[in-house]
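Record features (TrEMBL):
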- 1-20: region 'Disordered' (REGION)
- 67-88: transmembrane segment (TRANSMEM)
- 95-115: transmembrane segment (TRANSMEM)
- 135-153: transmembrane segment (TRANSMEM)
- 174-196: transmembrane segment (TRANSMEM)
- 202-222: transmembrane segment (TRANSMEM)
- 302-322: transmembrane segment (TRANSMEM)
- 346-368: transmembrane segment (TRANSMEM)
- 380-401: transmembrane segment (TRANSMEM)
- 435-455: transmembrane segment (TRANSMEM)
- 467-488: transmembrane segment (TRANSMEM)
- 508-530: transmembrane segment (TRANSMEM)
């Protein structure tokens, strides 16, 4: 039996191709189970990300500690995706990696439910933060679970439908992206309402989320007879590390021999310039290494992709303010509306999700085809530059709003509001003034986020596309961790406790992020212009036509 043969389905080889015949029923069942599991998993993750800051604030955590915890969760989730992909490729395969990730999810949310119920730790001490050690352990557990699942779900789902042709893959990835956003909408919307507006809200929300994860694990496991399960075939990461080590070793060995082998006689015999190899070329067989030229060239292309991902770090710094800085700003804006309705601050992130769901179809079916018809192709790099621009505007909008909020509070336009039995000082400005900055972040994600994901697939060589996706996710994690370090550095002065919020300067923090993003945008735009000029100058001009002979 071939290792890609689904269990409980007898393989029948095609008479000419020798491949498994297309089974739409099996593929449909497998694809639906994967997408339902994905939706429930994303619901749980985004529900925790959106509500963790407020949950910790109610547990007497300071604002900088709560923001650090959220950024740690997001950072571990993104950065561990590279390790989750390596674990699946080298050791246990994607199916068992997903089972392990979902099981770790259930453990983490079970402990979180116990913490919300007051069972995990003793909350008797009312002066110290609540369950610090336990909460950090839960955050790391859930982060590793999310990273393992995120690294393997796209490729595992694609394997179930890829034999149906290119159209099947495109339809799957479209549904995949929509399920991610629908899970986010449900997690942020419904569970945020349960957590904030019901008795024992966080306990009910976390218990319900844990139940969703248990259902997801059972559904995914029940689909095993219909899945195409590949065995682990070794990790590409080990080959990359071997190439890097051989290249460094070969380059160092060459430098030691340069003074011995160099000779004036040899230099005089060399009449034409010789292009010196790059340091990675010394891993090639012809330069003393043990790797073929194609493998080394693939690593070179991966390095270019890594450089582009590095330029997106300021964008991720602004993007993660949805779960941190914007939340801190939101609890100090007026959340009350008519009929005694208080809007949960986490609901504002729904505008980001809704804006993405509405804008992507418009861009794909209207805007991009319009430019294509008129001969203006919007490249991936141009889309990333547009995304950086909207990210810069989002940080500016947040800083201006915070500046005006502080101004209003200092001039007596202030209110006192209670959020889940905790009193917050707030200005008289409505929470809805945050809508523009959320929409700008959503627009930036449509351009820079989606284009970066597409660039990871298109620019990376085929054998390293999985590694490129892991690197893309890891760069998001690095951006989150950099945000954690930045908050820790600024918390004594600009970011203060909730009771002293208006004595701090959260607006300076947003303007600093705008400055970092602005510098990155300027450098990236300058690089694009230089690249365009070089391409125009390298284009050969046609020779002049010979004059007619009279």
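Every residue gets a Cβ built from N, Cα and C, even glycine.
TrEMBL entries are annotated by machine, without manual review.
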*Outside the transmembrane segment (435-455), six or more residues from its ends: residues with CB under 8 Å to it*: 305, 308-309, 312, 315, 318-319, 321-322, 326, 348-349, 351-356, 359-360, 363, 380-381, 383-384, 386-391, 393-394, 397-398, 401, 469, 472
*Would the transmembrane segment (202-222) count as touching the transmembrane segment (174-196), if touching means at least three Cβ pairs under 8 Å and pairs must be 6 or more apart in sequence?*
yes
_For the transmembrane segment (95-115), I need the partner stretch with the highest count of C-beta pairs below 8 angstroms, choosing only from 67-88, 174-196, 302-322, 508-530._
67-88
*Which range out of 67-88, 174-196, 380-401, 467-488, 508-530 gives the transmembrane segment (346-368) the most CB pairs under 8 Å?*
174-196
*Out of 67-88, 174-196, 302-322, 380-401, 508-530, which stretch touches the transmembrane segment (467-488) the most, going by CB pairs under 8 Å?*
67-88
_Winner by Cβ pairs under 8 Å against the transmembrane segment (508-530), considering only 67-88, 174-196, 302-322_ = 302-322
*Sequence-remote partners of the transmembrane segment (174-196) [C-beta within less than 8 Å, at least six residues beyond its ends]*: 31, 35, 38-48, 50-51, 54-55, 153-154, 157, 202, 204-205, 208-209, 342, 344, 346-347, 349-350, 353-354, 356-357, 360, 419-420
*Quickly jot the same-chain residues contacting the transmembrane segment (302-322) by Cβ under 8 Å, restricted to those at least six beyond its ends, or write none.*
71, 74, 240, 280, 349, 352, 381, 384, 387-388, 391-392, 394-395, 398, 438, 441, 444-445, 448-449, 452, 455-456, 459-461, 464, 467-468, 471-472, 475-476, 478-480, 482-483, 486, 510, 513-514, 516-517, 519-521, 523-524
